[in-house]
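Enquirer: Let me begin by handing over the structure; questions about it come next.
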Amino acid sequence: MDLADLMEVENGDHSINQKHVQITFFSKDEEIPQIPDAVFDVPTGAECDDMNLLLNKTIEANDGAWKERRFEFLVGETFLRTSLAEFIEEYEVETETILKVECVIGIEAPKPLHDIQAPDWVSSVQIANGHIFSTTYGGDIVIVDRKGKETKLAVNSANRLLKCISIVKAPSKKNQLDGTEFVVGGENQLLTLYAIEKGALVEKLILRGHERAVECVSVNSDSTRAISGSVDTNLKIWNLDASDEATTYEKEEEEESAKKRRKKETKTKVPMVTIGGHRDKVSAVEWCPWNSGHAFSCSWDHTIVEWDLELAGEISRIKGPKSFTSIDLHPKSDLLISSCTDAIPRLYDPKNRDGSMVKQSFIGHQNGWVEAVKWNPLDTNQFVSVSTDKTAKMWDVRSSKSSLFDIHGHDDRILCATWNEGLIATGSADCTIKIFETA
């Protein structure tokens, strides 16, 4: 039975009267069994559901144990989201030869989980150990769990615009909040390391050294070092070990007031190393996944730089078309996804020394620019992007011209995003944090 027959049986469609195109299926996905090397004569009115029907019946005929699954279909670098006829017309696909259709395992769309009201614009967001941590332009630190319950913690950051957060340590006990440590940075040029102890927020370290607002911070995998970037164009490396005296800052003059004496109880540290090299503000920093002595930064000077932190020197530089707003390196594939002050996320291979060559550009956002991109740490193909166009998009790197899913809900531009523990969290200028569950 061919697809025209199947479509007529399943849907009552008179597919036999439609134009036809010849297709063949293939897959690079290890989860998909060997697909018969057959050519199918398919009506151009066929859509994804029809193609799924044909492929599942074909596999089942060769594998009696096969259980029906949902597939996504790629033609070239674009997911099939319409009928074949519409797709062929829109993308001017050549139909004189056999059309090769790639099959990938389908996934469910992200499900809205929680909509959290924040006191101000949301500037950054992270997920760790069953909790979502975010900062705001009003200086607030908002913490909610997977159930949407907020933990109220007093934060001594009134009138201090916060821009970034990075988790330092998460407790070994699942979903526990006590014992969590994180570092935040903002407009007052400082970074502060906090710990949650017995339900209270405790200031553990002050990191002093930047001369202008801190834009970004990232902690390494063993929680011993942090790297930060600033509007002052510099990167600074910090030792997070409170017992380390080499980078401890001691004020020479005697403190006079009791308030100042209390403040002195929080140890202040200066940077281990300062690295200059950017010509404009540093917008994002990330530790290198394959070399703990290296890090990456991006800047409004249109560059992404890989640094040797021990030598405080540049290793390689990627030149982009616009000011970069964010980067993220996948822990498994080592590929780098980036966003700029335009509507296009771009994929680079930083191990390729001709790194300025873009591997892939992803077209889909409208107007404005992409504020942030974040990989799915469990899948080397998937990432999320958020934009000033008020949308988030979930992408598969195998399709550059159509996103997997569009995620709507925000009423103003989206400023930050993260993806971890099966959750996507986005923060916006509409003063909300939206949490979505992914399959």
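Each Cβ is built from the backbone N, Cα and C atoms, and glycine gets one as well.
According to Swiss-Prot, the protein carries these features:
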type	residues	note
REGION	21-105	region 'Ubiquitin-like (UBL) domain'
REGION	248-269	region 'Disordered'
REPEAT	117-154	repeat 'WD 1'
REPEAT	160-204	repeat 'WD 2'
REPEAT	209-248	repeat 'WD 3'
REPEAT	277-317	repeat 'WD 4'
REPEAT	319-358	repeat 'WD 5'
REPEAT	364-405	repeat 'WD 6'
REPEAT	409-439	repeat 'WD 7'
Enquirer: Taking residues 6+ outside the repeat 'WD 6' (364-405), which of them lie with a CB under 8 Å of any CB in it?
Expert: 72, 74, 77-79, 81, 91, 102, 104, 107, 109-110, 322, 325-333, 335, 337-345, 347, 411-420, 422, 424, 426, 428, 438
Enquirer: By Cβ distance under 8 Å, which residues at least 6 away from the ends of the repeat 'WD 2' (160-204) in the same chain are close to it?
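Expert: Distal contacts: 123-126, 128-131, 133-141, 143, 145-146, 151, 153-154, 210-219, 223, 226, 228, 230, 238, 240, 242, 266-267.
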Enquirer: Report, as numbers and ranges, every residue of the chain located at least six residues beyond the repeat 'WD 4' (277-317) whose Cβ falls under 8 Å of a Cβ in that stretch; write 'none' if there are none.
Expert: 212, 215-222, 227-235, 237, 323-331, 334, 336, 338, 341, 348, 350-351, 353, 355
Enquirer: If you average per-residue pLDDT over the repeat 'WD 5' (319-358), what number do you get?
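Expert: It averages 93.
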Enquirer: Is it possible to list how many residues within the region 'Ubiquitin-like (UBL) domain' (21-105) are helical, extended or coil according to DSSP?
Expert: 22 helix, 24 strand, 39 coil
